[in-house]
Ligand code: HDD
């Protein structure tokens with residue numbers, strides 16, 4: 001069979017999503033010649049003649065044990081599943097690269113940061129935390145943001161989240177925290193939700209969680225897309241330069257497309273309409289060549305600077321505000337290729353915080369120290385043996401030489417006589433004191449104790465700082481989220497305990513939540529180990545709304561059309577959105593499409609029932625008077641418009657759509673605009689850059 005290795009026109013490696021490609025035994029991609037079909041074989045390579053019927057005695061007789069093809073096929077199927085991750089089970093990954101901006105040799109000897117323009121292959125997996133593998137994407141939850149950088153000095157994993165702080169300060173509490181948030185063990189629900197007694201019971205008994213709780217109750221926990229969220233390494237790490245001098249470092253990923261989240265009512269509806277909303281979004285963007293990009297930023301500081309803080313830089317429930325240490329961009333991460341196979345890559349990828357190259361080192365953050373212990377263990381359990389680094393997605397892309405051998409599924413073993421060192425034959429690799437990994441020689445001394453440092457005791461000041469840094473809209477969303485979550489808590493004392501913590505964060509917030517929960521009196525403030533500070537200044541970097549995009553790029557407009565609509569206007573809108581780098585999706589009464597007034601056929605991507613407006617960032621309604629008559633009788637069409645309005649989205653419509661808007665309860669405001677020609681289209685696209693008209697929220701109850 002003649003095959004030629006495949007490349008895209010840009011010269012980039014082609015992907016197996018092109019159905020005319022097959023993977024060769026060496027991993028290379030080949031184009032299948034027309035009319036050329038591969039012969040089905042068993043796993044042992046024996047060609048198969050019949051894959052439709054088991055081997056039987058006679059046409060209606062019993063199946064024979066001799067049917068090795070059937071036995072192998074069913075055996076393999078029965079063993080297809082591996083344990084899902086105990087947390088972060090639901091995730092989605094993509095390949096890409098990291099490009100270094102400038103040499104950071106002054107701070108770190110890590111090879112990846114030595115040369116400007118250096119490109120390092122990367123794999124990223126985004127995830128939710130609490131839900132199982134098949135749960136929905138828009139759960140209110142932290143998002144995992146795990147990056148594997150295949151550096152020339154081994155894999156470097158930055159296993160972070162989209163929130164810069166964590167629930168707990170010491171890793172020994174991790175199993176308790178995770179047990180509390182996951183489904184309750186007797187009833188096995190609720191799934192992928194924190195709105196239940198066990199979670200809030202644990203949280204209300206764990207004051208150190210309060211800062212994290214403010215983030216999780218904010219819209220950060222319901223991102224619009226993985227592409228529009230930040231990532232954080234959370235802990236303080238160290239950079240070590242060639243002289244082994246240490247600089248503390250925090251890692252932050254900033255999305256080029258700006259931040260964006262959805263509102264809770266939207267999240268709930270998206271989960272029903274498209275539980276795969278986030279993975280589909282990433283898939284669609286990458287397949288369309290609209291590659292998402294983040295900048296890696298670092299906050300650098302030394303011990304003296306760290307000593308000046310009120311809080312401890314080893315405490316993972318604290319941030320260093322960006323106004324105090326400005327994040328410096330040091331490179332960019334671009335995701336440009338989806339995995340060929342979800343299981344092989346996204347499911348089997350094994351991230352480990354302890355994977356760091358020479359020049360990057362750990363701090364004594366007790367959460368990080370515990371994580372370094374945990375991740376190796378979990379991979380052994382999940383992937384079934386110690387050789388998981390032989391799996392291509394986990395294998396370093398630099399040379400490896402070591403004497404680890406044998407074990408389940410060993411794909412590589414040391415060759416030659418010597419499988420140990422030192423040996424008398426001068427065989428095999430030896431360590432290299434200069435090039436090898438060296439830990440920072442920190443002086444450690446003390447008694448063996450189980451204690452929480454006093455410097456970790458302030459649990460409320462930064463929680464308050466986060467709250468006061470939000471816009472009024474965002475503060476309202478936090479209050480609504482807390483109310484919603486606590487309304488699902490059946491035990492009154494847990495609700496009260498939470499409100500008593502909120503009183504230490506912001507009295508107005510506590511009062512709103514208490515009132516909305518129907519509490520007759522406010523509980524007393526929770527005892528605080530350290531008096532909360534109320535003078536920490538607001539930080540704009542903490543708000544999503546203040547860090548939105550400057551264009552509508554990467555966003556999507558849903559266009560509701562009907563027979564007899566203005567086809568030219570649809571095309572003008574499509575062109576204007578294309579110019580902006582945004583997408584458009586046609587929502588029609590039938591996917592087969594509608595016939596526009598000029599006789600052209602506009603194909604529907606979604607039927608109205610399958611394309612509610614929650615799937616879009618803005619909507620346009622381009623229908624004929626007859627279409628309006630028809631659609632206003634349909635609940636899904638009315639919901640399309642009513643939800644877009646309630647979710648504060650920009651709505652453009654032709655005059656003929658007015659009856660549908662009236663029926664949906666839309667009140668005129670600056671976010672509802674008439675499309676009367678090309679000039680109006682430009683104005684609409686420009687307005688969409690603001691993403692939402694939050695001023696409308698006062699009018700609509702979300
Ligand atoms: Fe963890 C997975 C992030 C604390 C133990 N964690 C996991 C993943 C992410 C994080 C993104 C998914 C990686 C993937 O996509 O495969 N974890 C965090 C962050 C934490 C954190 C940002 C706090 C700052 N984790 C944490 C602690 C422990 C663990 C304190 C245990 C002591 N985490 C695990 C784990 C997982 C995991 C059990 C489950 C699956 C896996 O590792 O590969 O080992």
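Think of each number as a place in line: the chain as shown, counted from 1.
The backbone N, Cα and C atoms fix where each Cβ goes, and this holds for glycine too.
Mapped onto three states, the DSSP output places residue 88 (active site) in coil. Annotated active site per TrEMBL: 88 (among others), in sequence order.
Sequence-distant contacts of residue 161 (active site), defined as residues of its own chain at least six apart whose C-beta falls under 8 angstroms from its C-beta, comprise 142, 143, 144, 145, 231, 232, 234. Marked as active site by TrEMBL: 161 (among others).
Listed in sequence order, 159, 350, 351, 352, 353, 354 are the same-chain residues six or more apart from residue 375 (heme binding site) with CB atoms under 8 A from its CB. The secondary structure of residue 375 (heme binding site), as reduced to three states from DSSP, is helical. Residues or ranges marked as heme binding site by TrEMBL: 85, 125, 174, 371, 375, 382.
As annotated by TrEMBL, domain 'Catalase core' applies to 41-429.
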Which number gives the other C-beta atoms within 10 angstroms of the C-beta of residue 88 (active site), all protein chains shown included?
22
Just checking a number: largest C-alpha distance across 85, 125, 174, 371, 375, 382 for the heme site, rounded to a whole Å.
21
By a simple count of other Cβ atoms within 10 Å, which of 85, 125, 382, the binding-site residues in the record, is least packed?
382
What does the structure give for the C-alpha distance between residue 371 (heme binding site) and residue 88 (active site)? Integer Å is fine.
14
For the binding-site residues 174, 371, which Cβ has the most other Cβ atoms within 10 Å, all shown protein chains included?
371
